[in-house]
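Feature annotations, courtesy of TrEMBL:
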BINDING   P90, L91, A92, R93, G94, L95, G96, S97, S98, A99, A100  ATP binding site
DOMAIN    61-143  domain 'GHMP kinase N-terminal'
DOMAIN    210-271  domain 'GHMP kinase C-terminal'
Amino acid sequence: MSITVKVRVPGTTANCGPGFDAVGIACTIYSELELFLSDEGTLRIEIEGEGKGRIPTDSNNIIYQAVQAVLDRVGKHYQGIYLKLYNKIPLARGLGSSAAAIVGGLIAANHATGNTLTQEEIFSMATIIEGHPDNVAPAIFGGITISVMQDTQPVHLRFMPEKMLNMVVAIPEFNLSTHTARQVLPDTITMKDAVFNISRVALLIGALCKGEFHHLQYALEDKVHQPYRQELVPGMQQVFDAAVAKGAYGAALSGAGPCLIAFTDSNCDRIGKAMVQAFSKCDVKAEYISLSIDIEGAKVIE
Ligand code: HSE
């Protein structure tokens, strides 16, 4: 017996300034995964696009591990597992490539084995594998998500803004692992910094919900992670300033970086070129892409 499933999963931008480990947005950049399960054969993994030649193609592959986690959970075994990834999400740049890989593996395996797991169970499994919920929630549910850990269980709320919002992402050519980007963070922060972030993340969610994007200039400010990660992304403040000078509402580090993301409803090219130029002035080669919010989240396409 053999089964084939194809899923499409969006990339994501997490944190969105002050919403460290809590806020995420699904973006219109995708990874497509084909899963083939058979009673005969072995493990075979092929990668096309971003990550070709870099992503492991053996049992260390995170998609395979996600597929296997579902098979173990539902008590199924397949001798032959074939995975083919067509990936457009840059790796280790803060656009949720590993969350998309994990979510793709979980959803494809769940669909292939009769959809016995709910979306919430998939969310919980993905959070355990990824380590935090803020990238996996938008990858699964689409839109803008707020995630909270309630003991060991992730809880989420998803919404779409009243008006559409575009995102211009400046992608520097260097990688930054989330592990490295978390190592520079302090163990504790001051009450003053906590209040700074609490007030801004509240403003951020209100502004996004209501489409009052002019608030983003202040609502994207952060004192919990960005100031510490600045040393890892040369030119970060200059790129933010360049984006705002060309009309962006505001800008932030995308996830753990190193991508920088500006929020706007117009002038994407003008903003993107200015961001790339500001990076270049700091000797960082970069390119930019313009994205909008993915509404659907992960879905089975075949
Ligand atoms: N919230 C995470 C971080 C996002 O900033 O470290 C990366 O997964």
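Just so you know, glycine gets a Cβ as well, placed from its N, Cα and C.
TrEMBL feature annotations superimposed on the structure.
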{"residue": "P90", "record": "ATP binding site", "Cβ within 10 Å": "22"}
{"residue": "A92", "record": "ATP binding site", "Cβ within 10 Å": "22"}
{"residue": "G94", "record": "ATP binding site", "Cβ within 10 Å": "31"}
{"residue": "G96", "record": "ATP binding site", "Cβ within 10 Å": "31"}
{"residue": "S98", "record": "ATP binding site", "Cβ within 10 Å": "21"}
{"residue": "A100", "record": "ATP binding site", "Cβ within 10 Å": "33"}
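Regional average pLDDT for the domain 'GHMP kinase N-terminal' (61-143) in the model is 97.
Cβ proximity to the ATP site centre (mean Cβ of P90, L91, A92, R93, G94, L95, G96, S97, S98, A99, A100, cutoff 8 Å) flags the following additional same-chain residues: G11, I89, G255. According to DSSP, P90 (ATP binding site) is assigned to coil rather than to any helix or strand. Across the domain 'GHMP kinase N-terminal' (61-143), DSSP assigns 47 helix, 8 strand, 28 coil.
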